[in-house]
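Feature list (source: TrEMBL):
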- 20-46: transmembrane segment (TRANSMEM)
- 52-73: transmembrane segment (TRANSMEM)
- 94-117: transmembrane segment (TRANSMEM)
- 137-159: transmembrane segment (TRANSMEM)
- 166-189: transmembrane segment (TRANSMEM)
- 195-216: transmembrane segment (TRANSMEM)
- 237-259: transmembrane segment (TRANSMEM)
- 265-288: transmembrane segment (TRANSMEM)
- 322-341: transmembrane segment (TRANSMEM)
- 361-379: transmembrane segment (TRANSMEM)
- 391-411: transmembrane segment (TRANSMEM)
- 417-436: transmembrane segment (TRANSMEM)
């Protein structure tokens, strides 16, 4: 075990960071690609009504993925800090508790989802005109919904157990499976939007099954051990993972709020346009989350071993990478907005005009989004829970709600798109003011 942790403590930071970065980003892109594939196939095969129904359902993925990250990132952070301190038995106890919690929650939500599918659809914002499509998609998605939670939880521990490559292979294979299944179920077997949901569900199960092979390999140093129910340990896991949960679940909340606002201002066509924006945002957020996941095990182990200089160097690498990615997304959006729209829908006219206009405003947020996500992950990896939670809550819920409530009054639909920029910029300013004052 000590030899394994010496890799985090003594290896060249650049090589170590990029090794984890490539695997983590590819893995997170594959996760987002599952939803992205659904969007492209639904947009091309079913049309704008299908896109609107899909966008209404996206928050359910945020919930499942968020819970997986809550238990996975929360437990894995505590595990790596304990390993850095040499507390091996404690680290195994944390692992065991995290996995058991994830299993129990996953099975419970899967059962409830199958029983209350239609009610969930209405809660997500469906109405009489689109409830049929929403229900059809959800009925496919919820078949193996437990696998979304368990896949994210186990993936976090596997990365911290020095096997980021397997985590990447599992998610990439899942993404490719999703594309193949989407094509087969939508176009060949003519299952429509339900086929898209089923394809995503099966792909998630494939992801989990591949990840589970780690636990029978020689590389695995994770062990299930006996434990007693301890509120302190469970709260440590949950509080550590809360920033990741907030980042993920806030995406769902934002989509829900945006959908309601756009339905009120421009109608169903606005929701269809936003589904394209939301999916591109999903890809950007996946890359930023991949950067933060690459940082986490390196920072946590070195922080536990009190190697603060290495911790700061990892943060600097993460910030530089996120700024480059954010600027790239913004520039591509400004230069090629119509191409982006064309990837998702073959329709012309109003949906293209609305989406192209939205891209010019909304994509500015990506420049600041990456910095905020990386900053939140930095503090989360050291168990600085108050600041990491404050960053996640500010950008993900509080400021976005304020922005989308106030800005459209003065700017109309453009205020909806600018509310994301408003939230990210203010979060960044508040964070650095707080950190500066603490110094």
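Glycine residues also receive a Cβ, built from the backbone N, Cα and C atoms like all the rest.
Note that the coordinates shown come from a computational prediction; the quantities given were computed from them, not determined experimentally.
Note: the stretches the transmembrane segment (137-159) and the transmembrane segment (417-436) are not in contact (fewer than 3 CB pairs below 8 A, sequence gap of 6 or more). Between the transmembrane segment (195-216) and the transmembrane segment (391-411) there are fewer than 3 Cβ pairs closer than 8 Å, counting only pairs 6 or more residues apart in sequence, which means the two stretches are not in contact. Just going by CB pairs under 8 A, the stretch in 237-259, 391-411, 417-436 that sits most against the transmembrane segment (361-379) is 417-436. With a cut-off of 8 Å on Cβ pairs spaced 6 or more residues apart, the transmembrane segment (265-288) and the transmembrane segment (166-189) reach fewer than 3 such pairs and are scored as not touching.
Sequence-distant neighbours of the transmembrane segment (52-73) (same chain, 6+ residues past either end, Cβ-Cβ under 8 Å): 31, 35, 38-39, 42, 98-99, 101-102, 105-106, 109, 120-121, 124-126, 130, 133-134, 136-138, 141-142, 145, 148-157, 193, 196-197, 237-238, 240-253, 255-256, 259, 268, 271-272, 274-275, 278, 282, 293, 296, 380. Across the candidate stretches 20-46, 322-341, 391-411, the maximum count of CB pairs under 8 A to the transmembrane segment (237-259) is reached by 391-411. Note on the transmembrane segment (391-411): residues 242-244, 246-247, 249-251, 253-254, 257-258, 261, 265, 369, 372, 375-376, 379, 418-420, 422-424, 426-427, 430-431 of its chain, located 6 or more positions outside it, place their CB under 8 angstroms from a CB of the stretch.
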